[in-house]
Amino acid sequence: MAIQRKKITVVGAGFTGATTALMLAQKELGDVVLLDIPQLENPTKGKALDMLEASPVQGFDSSIIGTSNYEDTADSDIVIITAGIARKPGMSRDDLVSTNAGIVRSVCENIKKYCPESIVIILSNPVDAMTYAAYEALGFPKNRVIGQSGVLDTARYCTFIAQELNVSVEDVRGFVLGGHGDDMVPLVRYSNVGGIPIEKLISAERIEAIVQRTRVGGGEIVNLLGNGSAYYAPAASLVQMAEAIIKDKKRIIPVIALLEGEYGYNNLFLGVPTILGGNGIEKIFELELTPEEKAALDKSAESVRNVIQVVSV
Ligand SMILES: NC(=O)C1=CN([C@@H]2O[C@H](COP(=O)(O)OP(=O)(O)OC[C@H]3O[C@@H](n4cnc5c(N)ncnc54)[C@H](O)[C@@H]3O)[C@@H](O)[C@H]2O)C=CC1
Ligand SMILES: O=C([O-])CC(=O)C(=O)O
């Protein structure tokens, strides 16, 4: 039997979706279908063709097509949902909940029909609640419905640590637990640089400043851009997740997963460290937390639960 390339659909051809499509193709992770609403069919086709025309220059052989027709997405291995509105300065991610829940649900009805075996990664905000809404609408097993927040939040956290110490980002390790909101929980105790705990290298005050900056990292970009939110680092984060799945890398990556008892929470989607591989979320790691860390996670979980209540049908 001929070996087939993977097929990856990106729903939403705006800033995050288009950037993701290009990065996926540049890494030759599969053939890419970029889908947006019928009113934007020509611009979506135009973006896809423009990207494809970069392929001879950059030397990648993935195809990229633009469409508004879900038939073109049929049997995708991975579907990435970026459809929805983004926040502007002065807004919180939670302000997007009603609009984006409707969009994510309608997208999921089509994914269920055309890509029933796919692994679905959700980016649309407020992402913990949107992952819940997608899970309800798709009816897929929980390992195949995954939200993106932890890769991005951790990337911001590691960027700031590397800047603080003037060292390579490659040597910084850490991760962020909890919801994708201002009370997310960067885990200082589990963070190190080249194996050295960051608490040995950075003062408590500076660590606290880095934690705070990470928590509001999305808002920092929103305020700078003025008319939308981050897209380069979010796209890179989605691509890392897609790559872990497509190559069955079994990477340890923080993602938004359905918790059924882990960390003491039930029926809640929240960012936790997982093994991400060919079957999607293959394992959730339950870490031992100090009372302070658990209290911070409880606060974040409560915020997510309040938003999920708005979208729950
Ligand atoms: N979870 C995370 O870490 C992050 C989440 N986001 C979220 O991702 C979403 C997208 O952000 P951007 O790409 O910057 O926004 P954008 O406005 O540039 O693009 C969104 C696209 O979705 C399309 N769309 C709307 N309804 C649709 C539907 N029913 N079917 C298909 N496409 C549809 C729009 O036409 C638009 O092209 C926002 O909700 C944003 O808050 C953004 C960055 C990080
Ligand atoms: O801040 C936003 O609205 C977009 C987002 O989730 C992020 O960049 O972390």
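Cβ coordinates are placed from backbone N, Cα and C, and glycine is handled just like the others.
Annotation comment: TrEMBL describes 7-147 as domain 'Lactate/malate dehydrogenase N-terminal'. Within the model, the domain 'Lactate/malate dehydrogenase N-terminal' (7-147) shows a mean pLDDT value of 98, rounded to a whole number.
Cβ neighbour count for GLY12 (NAD(+) binding site): 26 (other Cβ atoms within 10 Å of its Cβ, all protein chains included). According to DSSP, GLY12 (NAD(+) binding site) sits in a coil region rather than a helix or strand. The NAD(+) binding site annotation in TrEMBL covers GLY12, ALA13, GLY14, PHE15, THR16, GLY17, ASP36, ASN100, LEU123, SER124, ASN125.
The Cβ of ARG87 (substrate binding site) has 18 other Cβ atoms within 10 Å, all protein chains considered. Annotation source TrEMBL lists substrate binding site at ARG87, ARG93, ASN125, ARG156.
The annotation domain 'Lactate/malate dehydrogenase C-terminal' is assigned in TrEMBL to 152-309.
Sequence-distant neighbours of HIS180 (active site, proton acceptor): residues of the same chain at least 6 apart with a C-beta under 8 Å from its C-beta are ARG93, ASN125, PRO126, VAL127, ASP128, GLY147, SER149, LEU152, ASP153, GLY218, ILE256, GLY271. The active site, proton acceptor annotation in TrEMBL covers HIS180.
For ARG156 (substrate binding site) paired with LEU123 (NAD(+) binding site), the C-alpha to C-alpha distance reads 16 Å. Between the CA atoms of ASP36 (NAD(+) binding site) and ARG87 (substrate binding site) there is a gap of 19 Å, rounded to the nearest whole number. The record assigns GLY12, ALA13, GLY14, PHE15, THR16, GLY17, ASP36, ASN100, LEU123, SER124, ASN125 to the NAD(+) binding site, and the maximum Cα to Cα distance across that set is 17 Å. You'll find the Cα of GLY14 (NAD(+) binding site) roughly 13 Å from the Cα of ARG87 (substrate binding site).
Across the range of the domain 'Lactate/malate dehydrogenase N-terminal' (7-147), the DSSP-based residue counts are 72 helix, 25 strand, 44 coil. Across the structure, GLY12 (NAD(+) binding site) and ARG87 (substrate binding site) are spaced 15 Å apart at their Cα atoms. Secondary structure at ARG156 (substrate binding site), as computed by DSSP, is helix.
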